[in-house]
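Pulled from Swiss-Prot, these are the features on record:
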type     : residues                                               : note
REGION   : 1-230                                                  : region 'Pyrophosphorylase'
BINDING  : 8-11, 22, 73, 78-79, 140, 155, 228, 333, 351, 366, 377 : UDP-N-acetyl-alpha-D-glucosamine binding site
BINDING  : 103, 228                                               : Mg(2+) binding site
REGION   : 231-251                                                : region 'Linker'
REGION   : 252-466                                                : region 'N-acetyltransferase'
ACT_SITE : 363                                                    : active site, proton acceptor
BINDING  : 380, 386, 387, 405, 423, 440                           : acetyl-CoA binding site
């Protein structure tokens, strides 16, 4: 099947009240135009042309990364005019052309495949994807004759009361035979209240020339739900999120409270993992089997091995090995590689660091720009002092080292294999393997301090009373 697709994405989306092009607003972690491109590709489209307008450079950056091409519609004179902008790109195309809207992220590839099949079976010049809606407000109505044959599509602003009472609507999705399409579009006139060139008017041109226009109903009208404002964006997000959660529960993942769980479409989760309430799994995060996520966890582009626990914690752009526990109240910043069997405890922040297998950073520590070996113990209150005001420096803690509580490691510095650092130390020079490093002032005890303080307080009170 020689199938191309034109995605209409030129509108600014004024009701969104946003500087961002409408089709780049995200649903379940992806720009909505990405879902539409995925759907037409699943339907068999081997070439995807996206018609952009407002913010076309931003749109092109996303579309090109997803394997599509962009043409610019300027000025924006309607949907037929938009499709005409793809003429040069499709000059040699001889098959079929799908035309879809870039703001319908729930549209499925299976539905578009059925549309293309119906189009071929009917030997039609054009086929319209239609839907029956309880409230068709805002959609073009499908008008038929007494025999049920397609006659035309009437836009909301142009319809009579009788026409606007029709519940069958055009979804804005079409399949055209490429031959003659652009010639047909050039014959359309802007005879409507908006003064625009409407794509549905091409159907009238076809019918006047004795060509066939067929229709294909969509099974689930939710698929054609378009996004024009923030409320609709939230509703589509809800529908998409529900579908994603339903899929993963069907794949053996426990979601304790779907109402408070957010999983992006690109995420991957292993079986027997449990997702607790108020958890967010974003981007292309990958979670292994038998993990415990949450409650109150946020994972962004994270890679987790099997049997990892993340509770009340944030993990960003980092890798965590199997059997590791993170949290509560831990913060794993981008660029971290955490090994297997590691403990990252409460109020620990790690940034751009490597932590070896079976090491422990149990609580109240900052580890930045560090390389920590295997079976290292980092005591409470340990700080890697990695920044001198101009440059970030590396701290190295080799295998089996023991760092006492309340320690400052002033980078660049290395604590050797099996070495110890005494609690309360500020380490500025390397500690050799197997050695004990201690760097702190000697303790000084002042006798009778409590008695002295008590007398000073009494004298102060007497002076204040005078």
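Cβ atoms are placed via backbone N, Cα and C, with glycine included.
Swiss-Prot feature annotations superimposed on the structure.
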{"residue": "8", "record": "UDP-N-acetyl-alpha-D-glucosamine binding site", "Cβ neighbours (10 Å)": "26"}
{"residue": "10", "record": "UDP-N-acetyl-alpha-D-glucosamine binding site", "Cβ neighbours (10 Å)": "29"}
{"residue": "22", "record": "UDP-N-acetyl-alpha-D-glucosamine binding site", "Cβ neighbours (10 Å)": "27"}
{"residue": "78", "record": "UDP-N-acetyl-alpha-D-glucosamine binding site", "Cβ neighbours (10 Å)": "20"}
{"residue": "103", "record": "Mg(2+) binding site", "Cβ neighbours (10 Å)": "27"}
{"residue": "228", "record": "UDP-N-acetyl-alpha-D-glucosamine binding site", "Cβ neighbours (10 Å)": "15"}
{"residue": "380", "record": "acetyl-CoA binding site", "Cβ neighbours (10 Å)": "19"}
{"residue": "386", "record": "acetyl-CoA binding site", "Cβ neighbours (10 Å)": "23"}
{"residue": "387", "record": "acetyl-CoA binding site", "Cβ neighbours (10 Å)": "12"}
{"residue": "423", "record": "acetyl-CoA binding site", "Cβ neighbours (10 Å)": "16"}
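Across the fold, the C-alpha of residue 363 (active site, proton acceptor) and the C-alpha of residue 405 (acetyl-CoA binding site) stand 10 Å from each other. Residue 103 (Mg(2+) binding site) sits 46 Å from residue 387 (acetyl-CoA binding site), counting Cα to Cα. Summarising the environment of residue 405 (acetyl-CoA binding site), the number of other Cβ atoms within 10 Å of its Cβ, over all protein chains shown, is 17. The residue listed as 'active site, proton acceptor' counts 20 other C-beta atoms within 10 Å of its own C-beta, drawing on all protein chains shown. Secondary structure of the region 'Linker' (231-251) per DSSP, as helix, strand and coil residue counts: 20 helix, 0 strand, 1 coil. A distance of 56 Å separates the Cα atom of residue 78 (UDP-N-acetyl-alpha-D-glucosamine binding site) from that of residue 387 (acetyl-CoA binding site). On a Cα basis, residue 377 (UDP-N-acetyl-alpha-D-glucosamine binding site) lies 12 Å away from residue 423 (acetyl-CoA binding site). With the fewest other Cβ atoms inside 10 Å of its Cβ, the least crowded of the binding-site residues 351, 440 in this structure is 440.
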